Amino acid sequence: MILENLFKNLIYDPVSVLGLLVFYILLVNLPISLGAFFQKKSFFIVRVLTILINFLITLQLLFRWSISGHFPISNLYESLYFLTWGITMGQLLIEREYQSPIIPSIAIPIELLTVAFACFVLPDDLKISSNLVPALRSSWLVMHVSVVMLSYAALIIGSLLSASVLFINKNKPLQIRSSSTGIGGFKISNNYPLNELVEPIEFSHSEELDTLSYRSILIGFVLLTLGLISGAVWANEAWGTWWSWDPKETWAFISWMFYAAYLHMRISKGWQGRRPALLATTGFLVVLICYLGVNFLGIGLHSYGWIFG
């Protein structure tokens, strides 16, 4: 009966059903990812489930696109799933380089919370696809919003990787020798042996995590820069002004300045170890405020749908 209802709903409301499936698979994947620290076979299961999650979100977004007739990043519900897609894709790409249970253990909780927020916190009217206002009926919608959302995904992953570096070194001095340009301390192989997954985390692991964090943040910063530029061009085309300093634009600029300072300190000042890791970890809150926090103000051109109104 449950399966029968599921298939019926899948026909009439595929977006919601696929969204719920993603949530439940993430719910199953979370304890398995934590168990991967003790059983190496669990890491393979986690990776397979993450691939399935990414595929289901892709299907969900495609269904949403076919129903609405526009790329599905026009409201908060759609953007939350697109963000989750970006984080899962980033997780899978990193795991190709560094097969450690640390990666899914930091990514999956965020993915689960993001999907849970979309499924159970957002009001139903935000889950319904609606027609775009004339100003949003532009190819800039895909070029601007998708790039910004992918930058958020990369920046979140980078910040969480830095948090993991701080956590695994909380009771000992942190003297990272990894290179900010990715040359010195990047000792990662595609054939990293699976039997090393359950070994205690050594100093070299911190170097690798730190370098992965730096690279993720660098990618996110480049994408955010492109997103801000494309957004300014779009704003001038739609409203005749390059920048209006609404809350989202202001916090996007703050986020850009924050990560620019992080990269400057690492590249120009040679920061290594605990200080850049603390700075990058704090960046998670900056991105969270930029993406979700300003929605609680309910004002501006980028509110993504007022949550409670």
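Each residue, glycine too, has its Cβ placed from N, Cα and C.
These come from Swiss-Prot:
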TRANSMEM  18-38  transmembrane segment
TRANSMEM  43-63  transmembrane segment
TRANSMEM  67-87  transmembrane segment
TRANSMEM  102-122  transmembrane segment
TRANSMEM  148-168  transmembrane segment
TRANSMEM  216-236  transmembrane segment
TRANSMEM  250-267  transmembrane segment
TRANSMEM  279-299  transmembrane segment
Worksheet item: Restricting to the same chain and to residues at least six past its boundaries, which positions have a Cβ under 8 Å from a Cβ of the transmembrane segment (18-38)?
Response: 10, 45-46, 49-50, 52-53, 56-57, 59-60, 63, 81, 84, 101, 104-105, 108-109, 111-112, 115-116, 118-119, 197-198
Worksheet item: Mind checking which residues reach the transmembrane segment (43-63)? Cβ under 8 Å, same chain, six or more beyond either end.
Response: 14-15, 18-19, 21-22, 25-26, 28-29, 32-33, 36, 72, 78, 81-82, 84-85, 88-89, 91-92, 95, 99, 101, 104, 108, 111, 194, 197
Practice prompt. May I ask for the residues of the chain that lie six or more residues beyond the transmembrane segment (216-236) and have a Cβ under 8 Å from a Cβ within it?
Written response: 90, 94, 138, 140, 143-145, 147-148, 150-155, 157-159, 161, 242-244, 249, 252-253, 255-256, 259-260, 262-263, 280, 283
